Each structure stands twice: as structure tokens, then as C-alpha cells.
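Here's the structure we're looking at; comments come further down.
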Amino acid sequence: MIDVNKFESMQIGLASPNKIRSWSYGEVKKPETINYRTLKPEKDGLFDERIFGPTKDWSCACGKYKGVRYRGIVCDRCGVEVTSSKVRRERMGHIELAAPVTHIWYFKGIPSRMGLVLDISPRLLEEVIYFAAYIVIDPGDTDLEPKQLLTEAEYREQKAKYGNRFEAKMGAEAIRELLKKVDLDKEVKNLKKELQTATGQKRTRAIRRLDILDAFKNSGNKPEWMVMDAVPVIPPDLRPMVQLEGGRFATSDLNDLYRRVINRNNRLKRLLDLNAPNIIVQNEKRMLQEAVDALIDNGRRGRPVVGPGNRPLKSLSHMLKGKQGRFRQNLLGKRVDYSGRSVIDVSPKLKFYQCGVPRPMALELFKPFVMHELVKRGIASNIKNAKRKIDREDDDIWDVLEDVIKERPVLLNRAPTLHRLSIQAFEPVLVPGKSIRLHPLACEAYNADFDGDQMAIHVPLSDEAVAESRLLMLAAHHILAPKDGKPIVTPSQDVVLGNYWLTQAERGREGEGMIFSSPAEATVAYENGDIHYHTIIGMSADAMPKKPWPKGHEHGIFITTYGKLVFNQLFPDDYFYVNEPTEKNLNDPLDAKYFLNEGEDINSKINEVADDLIASPFKSSFLSDSIATIYKYYKVQRTSEYLDDLKELGYTSSTTSGITIGMNDVPEIGDKDEKVAKARKQVDVVSKQFRRGLITEQERHDRVISIWNACKDEIQNEIAQIHSPRNPISIMADSGARGNISNFTQLAGMRGLMATPNGGLFEIPVTSNFKEGLSVLELFMSTHGARKGMTDTALKTAQSGYLTRRLVDVAQDVIIRDDDCGTDRGITVSAIMEGDEMIEPLFDRLVGRFTAETVKDPETGEAIVGRDVMMDENMAHKICDAGVTHVKIRSILTCDTPHGVCRKCYGMNLATGEEVEVGEAVGTVAAQSIGEPGTQLTLRTFHNGGVAGAEDITQGLPRVQELFEARNPKGRATISEVDGVIDSIQENPAEHTREITVKGKIDTRSYSVPYTASVAVSEGDYVHRGDKLTLGSVDPKELIQVTDTLTTEKYILAEVQKAYRMQGVDIADKHVEVLTRQMLQKVRVLDPGETDILPGEVMDIGQFRDRNKEVIISGGIPATAQSIILSITKAALETNSFLSAASFQETTRVLTDASIRGKNDPLLGLKENVIIGKIIPAGTGMPIYRSMEPEADVKKPDSVYSIADIEKQMKEKDKTK
């Protein structure tokens, strides 16, 4: 086999008949497969051992030569070469055809390649190929035209008239002769000449023909190779035949298709030998043509060939296509050895970098390692005995297993793998039972729960794989989410509940006002029952000398609760004391108001600050902020410890708290019935107005809905006022552990209006709540909404998954390729607004980006941040506080790195908080970051209740798809094509339109917009090109024609951000930029100048510039082109890699086109390297990492730590507790 790591690129081309014969190890002459009695392959058949190699390793068919020592010998009795049976996966045969046949891909594809080369329409071509008409090949001196079609009757007539003075044939033979006659150079020359004058349809056809002929000319493929003399037979192990129980056989469909070809071919040979009448021969040739068509692409023309049960047979094309095809099933995703799967279960005792692996599973996964160790230790005498010991599960193997797994991490994966955090590495810990145990904080990243979810486990085998798992994939490293740089390991449920309860404050608890000299003293008091967690106490700052205290209070006494004191023990010793859940307290010392002034009584101080303490227990959102802050100051290791401690404390506290829910925790509302009766009266009034014809049906419906919503809100507000903050349900909702006020309303107030299946609302509300119980009708109405919720979720998951697939495909080859591309361009960013609503603040757009020019204070003119500096949070705050509204930053959109991005234009890697490394696969990360939250977006298109003007706006997932697929948006806005002033807005009642006139410096433009459209401008306003004249969504295709690429990219960026942020999903700009850039990578050539580019050709902007550079250097006229926007699907198919495009969609079309052009795949992206089995060119697969040599390092660096180090620290910590 060839070593895939040895070659640089991969080329595809058309195979000539001689090439097909050179691949072959012999001709398949008979349709037989295997002998029914001996079950051995038949001679000259489809499984012949002489052609394809032996079925048994190192043994010929007759058994004369057996064993490796005879390797390479060809048996003189049976003619089989003695070799490994693996060759039956790679050796090909061929069928020598009695008549040539055309290849259906090139004749039937759109556009028909054969038709374009010969300049014959596909319909006429079909008549010739399938023997319905003759075609004139050489008219001689007759008055016939070349390539003229003749029916059977016409042909006879002409034959009688002219005899042999002309030549006309039918079938593939005729096509081959015509293709041989095509003079490519001459045709190309003529077409280029024609293009100078041609217009309209003629020009389009000429460009298409020129494109194909030029491709043949440049690739070295010959047009006549589209017609085949010999058909290759693929290796037998790729179309196997296996015996089932009961003696029957199951076979691949390909064998049936090959048999049809061989049978028809043999019959045709016999007919030709017998000199059969022409009509019979022609019929047989047509049948042979159809058999080969079915073999190559069954069902492409006419009715497909069917097998038993009317099932269409799977042809060679079907073996490549779709999810079950070769590309996606076997090349991009393989089943792997050393893996298992099981149900997952929670284990709160694990450390953050550990997972529990069931003993039997671990034994099976690490079997070879255990066997090796058993032999090494002398417990077993050889490998066979070791295996036997393991199968018997002897007692002495478990200790060995414990030692074997110590330094070997395992990978855990949960499907669906939506982003890179769905596969993480853990240190295995042996556990009893059969379920895999997961750390509770790892659930968020996996989106896992324990209601029956399953996970797959994989063992990294090589030393490199183990090292990468430990250093790059260990769960303890994955604290921040790559999509927005915020912590993904946020505590939830019990942990949140426990810490919230722990940090609550209560007046009048036992021991209030006691002052302690140290936390240890307070703990003793708590254990003696003198104080409670919620007791407000005084604490000496001297007890925590390393903490930063406010100036002048370093030795003072501050007010806190014992619970908060316990919580603060989790933080590092030199971190601030946190008393209130604010960003200020996380980044600055404790507020001085909590400290006793000299001579002040503690009780008066408690009265002063008690309200602040009572109002500030630590909620879920604050815990998340605290994780981010600890990560910012102390990095991975300390954050990992903090998370584990937070989990421990949360579980302990929620157990101690004893919080439960009972029926009596749901409060009663006194005047609910009156409120409902009042609403009913209002509804009656509205119905009366409708009956009298004062309002329309739509208005009546809208008013009824708003009356009931108002009634529900009123009840909800009352519940919010009467429920006590110590109510267990309130504690759960307020802390963020589970539920919200709406759940409370449904339990205690009323359920309100229910959704109808078509997305509207029922007018009859559910006035009962769950405590009272629902009536039968109310329950029935509720079921519609519940069912709609379920179906919507299922649909959304599928939509979102497909979006992710397209995004990954278009961006997979975007990798950080160098340090700095040296560009002086950038984009100017400001806050994204929607009317008065802030969508994305400037601060979010600056953090982690490099400045493109110095940022100056708008008032003083002083430099705040220099040029080419990566802005961290502090710098971004400074810029925003100084009142700067626009900042020019380095951007992916303006990066000049070919086939990727440079570090400076990308900025910070959000998952680590550091500058991005060369080799980071930022394209895939961007696609995952946008696709993964797709399931959280709505599927709805909002309808505006019949208000004239404002169009229905598309939001959520459909809007994101609309943008990335560059579709014509719903409710399209009209945009101005010129810079100028709005001259007039006139109504045209006859046409039901308005006429908006824009007066520019050079010309004046008028736009006719519908009456219903909301006009966004007034007379006298100044508008720029691309500005909206009416409200709605701009069509990016229109925008790019009126403005430039950058404006279009910025528009798409802002719109995608709106769609996500309106649903409360934060995604960093850079991810959207990566994908937007991919959509605008291509240009369409308008005038080729003196280059060899064809007019109308779509090409990469980088290639276009390179070609122009060459022409300008040699003094020629450069080509001109226009930027175009491609949808992500189209962009993925237009990529330079045919392997990546073929494995995405439209496999046969991509391969047809690539082979005619003789395309060369440079193997730059990830997919194409995975397909051929080469190491991917990202991360440690980059050439700079591959060529590294290990060196002995004398000094141990501080930054790299091992699991053993952490364990040591944890043990020391446990001792001190």
C-alpha cells in the first residue's frame, strides 16, 4: 500500500481504455460467482482467485502451495498467486466490451459534458446513443450536414440515394468517432472569437462550451475517453458474497449489475460471431449500454433495475453518495477499536479530571495492556495464559488493571457531538456496576443528564495520543466555552441551591453580633450550636492577612454571615473577600461600609448593612461570574480546584439545608376568582362590539388575548408580592437552581392561554392552576401546546444539525496559518443597535481583538491603547469609559493570509483567554459555536397582528439560515443605489404604491415601494448607497452590488448577531466573521483582459490577484471581476478541494466535473486529509510540530503540571481540612 503521508496532493482524471486494462489483473469472462457445491470461486467468474488473489492467506486455490515461504509463487496447477488474501480488497479486473458504451455521468449530468463538447443537445444525443437515430459522421460529397440526425427510414433513403458516399452510424461508436474528430485548439479559438460579438443565450452557451473544451485541453484528458471499451471490475471484497444461516447467500447488488453486463456482453459477442441481422445486434448493443448505465448509476436514466421486492439495486454511484455512502460512512467516520458505550450516572465524589469506568468495561478496554503486564510481572507465563486469566476474571488481575489505567486517560463522547467539548479526556477510576460515572460539572459541556443518556468511551493508544489527551483534552482544562469565552462548567441544581442557602442572611438568628478572631473560632461556635450559617457576625480582617483589604481597614472588623465566611474559604488566600454578589466585589476589595468604625457598636453597624446582606445570597449567575474571575486571575489549575470545592460545598449545604417541596409551599391567592370574573366581563364587552360590527374579527381576537394576558400578569405580580423569600419554591427559582416565576404562577395562580397547533393561541384560557387541578376541557386544551412543543423541538434539532453540517463543511479549511499577515486594513466596530435596543455592546466586540490603529481619548487626544495590541477586559473597559464609540480593529474579514487566518487578525482564543496558537482549527470551532446553540433558537416567524406596514419579521433559526444561505429575505427592504438626498416621497393611489426619489450628485433614482411598506426615511434626509429606504431585511446580494464586500460582510455579521442575541445566546463576532468571509471568497470575472481566464469564470479572490499580478508584471492588461456572495452550501461545493466537496453533497456532479478538469486537490483542509487517512494539517498535525525533535529539558517548567501534582496538592488540602 502507498504511504499517504508521503504525497503532497491528489489528482483525479478520466481513465483511458488502456489505463483501465493496465489496472486489471485479468478479464472477467463469465457471470458466475461461486460454485454452489464447493463454495469456491468459479474460473473466469466475478470472484476468480486467478484474477483477484487467493481467498485464504498464503495458499493457492488447489492447496499445492501453502505457507508464507511460497510467497509470490504462481501455482502451475490452478494459476493462483500465493499471497495475502488482503489483495482481494485492492486487485481489479475488467470486462472487455464487444461494443463501446458511453459513460452515463458525462452524457446525463447537468450540463451534459458530451453534448457541450459535440455541440449537440442531450435529447438528440440520447437518440443516437440508444439506437433510435443515426448521426452523420462524414457527409462526403452529399448534401447532408455533419452531425445531422437521420431516422431509420431516412437513413435507408439516403443510403439508396448516395450509397457509400457518406458515413452515418448510431450508438456509442458514432459518438466516439465524433469525439475523436473534435479539434480542441481550433474549437477554443473559434469560441473565443465568437464571444467578442455574441450576446444573450448564445453567449451563455459559448461560455459553457469554452469552459468544458478548455478543461479538456488543459487537463490532458481526451474527449473520446468518455466512451468506454472496457469496464473495470472492482475488487471482490468490496462487493462481497456471504453465506447466511440456512445455506442461503447474501450478495452485494453490484454483483447482480456486473452479471447483467457480462451476460449481455457475451450474448452480443455470440451474435456478432454468428453475423446476426443488424436489428438484433443493435438491440443487444442498446441493452449492453443500459446494463453499463445501471452499473455506473442505476436510476439516472429511465426506470431503475430492481432486485427482489422491487427494490432498486445500489450501483457504483450509490456506493459513494449520501450518508450511507463510502465518503460519509467509511472514510469520514469509522467505527473504532478499543471503545465501548454505557449508560451514564452521576458521581459527586469524583475530582473534575476523573470519570468512573465500570470494572468489566475497563478490563475489556485495557485487555492487551493488562495481558502484557501480567506476563511482565510473572503472574502469567505467556500471553495465552494471561488471556485465560482475564476471561476467568481471576482475583489477581484487578490490582494489575488498577496500575495499568493509572497514567492512561480515556476519552468520553456524548452524541450528538455538537461542539468540541462533547469529547473530553478523563483519568479513569474503577467503579463497581455497569454504568460510566460522570462528574456533575462536566454535564453542562456535554448537555448530559442522567435520565438514561449513554456515552461512548475511547482509549488513546499511542504515546502521542495519550500526551495530547492529557495536555489538550483533559476536562479540567475546558473551563471556558469556545463560543463566547464564558465558563461552561457552571454549577447547577443542587450545587446552586446549596450555595444560595448557605450565603443567605437572616436577622435575629442565634449568636447575631458575635465577633470572631478567626474562621476556625467561628466554626467551633457553629459546631457548638452558638451560631447558624445565616447569622450575621463580625470577623477580624487580621485572620486573613494575605487578602487585599480596603485602605485603612487592614486590621479592622467587618460584618458578614458565617455562611459567607465558609464560602470565602473556597477562594485563594490572596483573593478579595466576597460579601456581595457584584462584579465590583469580584475585582476590588470589600466595600468599606461593612467595616466597623473605631468605637462603633456592632449592632448599629448590623442594622445599617443587614438589608444589603439579606438581599445578596450568591445566585447561579454570580457563581458563573466567580468562576470566570478566578480563571482570569489564577488560570486553569486553581480554577479546577475551586470548582471541585464549590461542588462539594454545594452538595453538603443543600443536604444540610433540608429544603423540600410540599403542597403547602404553594401559596393561596385570595382574589383570583374576582380577577377572572372581571376579565370575563371585559371579554363579553369586546364580543358585543364585534357582533355590532364595530371591530373586525382580528381586532376582537387580539383584544381577547391581551385581556387574558393582562389578567395572568396581574395574578403573577400578586404572587411575586405575597411569596416569602424563605419559601422553598422561591429559593429554587431565585437561586437559579430550577424553575422561574412562571412555574409559580401555574402552580398557584392560573395557567393562562394555551398554544394552538398552528402557532396561535386559544381564546379560552385555562383559569385553573395545578394545585386546584384542571378540568377535562382545560387539560385537553393544554395537550395541544405540549405536543407542539415536542414536535417543534424534534424539527429544530434536525434543522440545527443540518445547519451545523453545512457550516463545518464551508469553514473546515480555515486554520491559523501564520503569525501576522501584515495587512494595514481592518474594520471599524461600534455597538450593534436595533432601534434604541442594544444588541451587542462595544465592549463585547473589543475584548480579545487586536487594534488596527491607536485608540485615542476623544476629549484629550491621549492614546489609550496602541496599535497592534490585543485588548483585554481592562483595556476594553478603559476605551468604553473614555466615551469612544468607534474602534478600528484587525479582523478576519480583512486578513490577507491565503487558505486561513493569521494570529493577529483572529486575536484571542476564547477557550483559553490567551492569544490564539498557529495550527488552531478556528473554522471548525466557529462553525460549532454557531451551530451548537441552534437548538436554542426559535423556529417561529413572528406575525405582527395585522398592523399595516411592518412586515412579518423572520427570527431565530430561519433567519440564521436565510443569512447564511444568502436567500432572498422575507419582507425585503428597498435600498438606495446612490449617495444623495431624499427629494420626494409621493403616493400613487392608482398603483397602490409610493414613489421615493433620491437625488444624487450625478444621477437621480426613483424607487416604487408598496403602500404597505413602512418608509424608513423622510424628505430632505441624506442617504448613503446601501441605506434602507423602507423597513425590513436587506438582501445581501443586492447590497454587494450597490456597495462593497466589507459593507456586506459587516451587515451579515450584525444580522446574525441580532438573531442569536435576541434569544439570549452570546456568540463572539469572530466566529461569524470566519463564516462570512468564506461566503465572499469568490469573484466572477467580467473581462479577462490579457489573462488566460475565461469570462464569467468564478474563482478564488487570491488566485485572481495572483493571475493579475503575473500579467501586470509582463506589461499586459489585467482582468476585471466582481465580488459575488455564495451561500454556505454553494461555497462548500465551490471549494478548491474536490474530495471535500464530493463528500459534502452532489457527489457524482462534483466528481464528474473534477475528473474532466483533471483537478488537483492540494490537501489543505481537514476533511480531505481525513478521507485519505493522512494526519490533519491542524494543531499538532501542522508541519512545524511534525518536524520537532525531542530535547532533554534540564529545568522543569512551572506552567506544565501533571495530574500527580494536582493529586498531591488535593491530598495535602484534604489533610488540612
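Cβ coordinates are placed from backbone N, Cα and C, and glycine is handled just like the others.
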Figure out which of Cys821, Cys880 sits with Cys895, Cys902, Cys905 in the Zn(2+) 2 site per Swiss-Prot.
-> Cys821
Counting Cβ atoms within 10 Å of each Cβ, the densest environment among the binding-site residues Asp449, Asp451, Asp453 belongs to Asp453
Among Cys75, Cys78, Asp449, Asp451, i.e. the binding-site residues, the one with its Cα nearest that of Cys895 (Zn(2+) 2 binding site) is Asp449
Other same-chain residues whose Cβ falls within 8 Å of the Cβ centroid of Cys821, Cys895, Cys902, Cys905, the recorded Zn(2+) 2 site, in sequence order | Asp818, Asp820, Thr823, Arg890, Ile892, Thr894, Asp896, Thr897, Val901, Arg903, Lys904, Tyr906
Rounded distance in angstrom between the Cα atoms of Cys60 (Zn(2+) 1 binding site) and Cys905 (Zn(2+) 2 binding site) = 63
Using a 10 angstroms cut-off on Cβ to Cβ distances, just flag whichever of Cys75, Cys905 is the loneliest among these binding-site residues.
-> Cys75
Relative to the mean position of the Cβ atoms of Cys60, Cys62, Cys75, Cys78, the recorded Zn(2+) 1 site, which additional same-chain residues have Cβ within 8 Å?
-> Ala61, Gly63, Lys64, Tyr65, Asp76, Arg77, Gly79, Val80
Any idea which of the binding-site residues Cys60, Cys62, Cys821 has the thinnest Cβ neighbourhood at 10 Å?
-> Cys62
Cβ neighbour count within 10 Å, max among the binding-site residues Cys78, Cys895, goes to Cys895
Enumerate the residues of the same chain, Asp449, Asp451, Asp453 excluded, that satisfy the criterion Cβ within 8 A of the mean position of the Cβ atoms of the recorded Mg(2+) site; list them in sequence order.
-> Ile344, Ala448, Phe450, Gly452
Taking DSSP three-state, what's Asp449 (Mg(2+) binding site) in: helix, strand or coil?
-> coil
Given Cys62 (Zn(2+) 1 binding site) and Asp449 (Mg(2+) binding site), what distance in Å do their CA atoms have, once rounded to a whole number?
-> 60
Cα of Cys905 (Zn(2+) 2 binding site) to Cα of Asp453 (Mg(2+) binding site): how many Å, rounded?
-> 40
